[in-house]
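Peer 1: One structure coming up, written as structure tokens, with questions to follow.
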């Protein structure tokens, strides 16, 4: 049913969108008519944009490159990086402006919000896997921490009342087993993070949560249209503020901690695993086959992001009380500088003193991030997002590998050996990078595969009404087969080749029958790394 062809290299018929969200159980402060999505050109961001647009929201996406699919109605693209404060401001101005009316659909794009932009979904990030982890520490910092500061500050400057941040479970998981974790766990010490991505995402999450409760500037940075000026004269300012923001005109933020994302069209994990199978690199599973971790189908993640945004405009009552974001109580974690960056940016550019909502208190929280009073359900909160069905990582990928006609390895090797190899590969990466596109393994990736870490989604179910649906992994197989990932000579590949008339992108045909020279060189380095890994295992 659900799925997406966002990453398709050939035009496909778009799969059905998930059903609209059910009506809220409590009255909402206001509807969302316009939204900005940073990172909206990627797999998750574009799927979110398409779903919001289907529900009548006018969506602007900010990214370095446009989506591979054509933009649907009510979705527009602006090029730029969140690491560039000027580009972020420009995107906010565009996102606040009305869409041109479509022929015969003049009322569709009518917007009564005097300020223009209702909500921001901050999806953009960098450095999750592959060579990004090893080569771009400064860029990872600039995008994840600096970019989050730019987005939060722009929300205040442009009077945008709601900001939903897409975080990651990596802000809590640092290689120690977690079974049924929840939002009450504190951040690990800064030194515990094994990669720049996890460390910077933790700091960025604190930047966003600490901004919750910051008073919005009284006027946005944009010119009102004549129609908006006329409407403004007809209403008293107090009524406008009450309608749009509830009791207080403040920024309300929350964070959704995603687990591994999967689904038709996913562009990172699924293609990488199949590519490693094709190249003969994936020859064994590793670690305890009974360890579990979380995955989240893209449509389930879209669902909780939309529910989180709704929660930022749903009045909070004691009946909705649940676990608060105690996870931000974290005296030992890094990130204070990132929070100060937001406050300093506002103070410098707007002449406004840093508000309490942006200044860390003794617990490192600030604002509404530490579980204090909240006017809206999701205000200052964090939520885990998953399918609610933990599974072993290798068993998660097995249906894709087998379904596409490849051999699933029957050999399993110990965690300690693979961890040692990954560490040696990281050290040898300056040499390896000349021969292979991505590091075959990193220590964090080994930990993610081998060490149990799954989280409860009770809080999201209780407070937001999150109800993850079940999806068939064969949908991914079918989609990847159409994209040309099926094993050469397999029945699936023949069937799709016949349907396509022998044309199209056959990625499976690129699987080498013999090991290439670059993999021989890389293999030699990995063999040396294996020796180091054996020593590590015996020493441990």
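Each residue's number is its place along the chain shown, starting with 1.
Glycine residues also receive a Cβ, built from the backbone N, Cα and C atoms like all the rest.
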Peer 1: Per TrEMBL, which of 116-148, 149-181, 182-214, 215-247 is region 'Disordered'?
Peer 2: 215-247
Peer 1: Kindly point out the range from 499-518, 519-538 that TrEMBL annotates with transmembrane segment.
Peer 2: 519-538
Peer 1: Could you put numbers on the helix, strand and coil content of the domain '3-beta hydroxysteroid dehydrogenase/isomerase' (250-318), residue by residue per DSSP?
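Peer 2: For that range the per-state counts are 25 helix, 18 strand, 26 coil.
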Peer 1: Determine the mean pLDDT over the domain '3-beta hydroxysteroid dehydrogenase/isomerase' (250-318), rounding to the nearest whole number.
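Peer 2: Across the domain '3-beta hydroxysteroid dehydrogenase/isomerase' (250-318), the average pLDDT comes out at 92.
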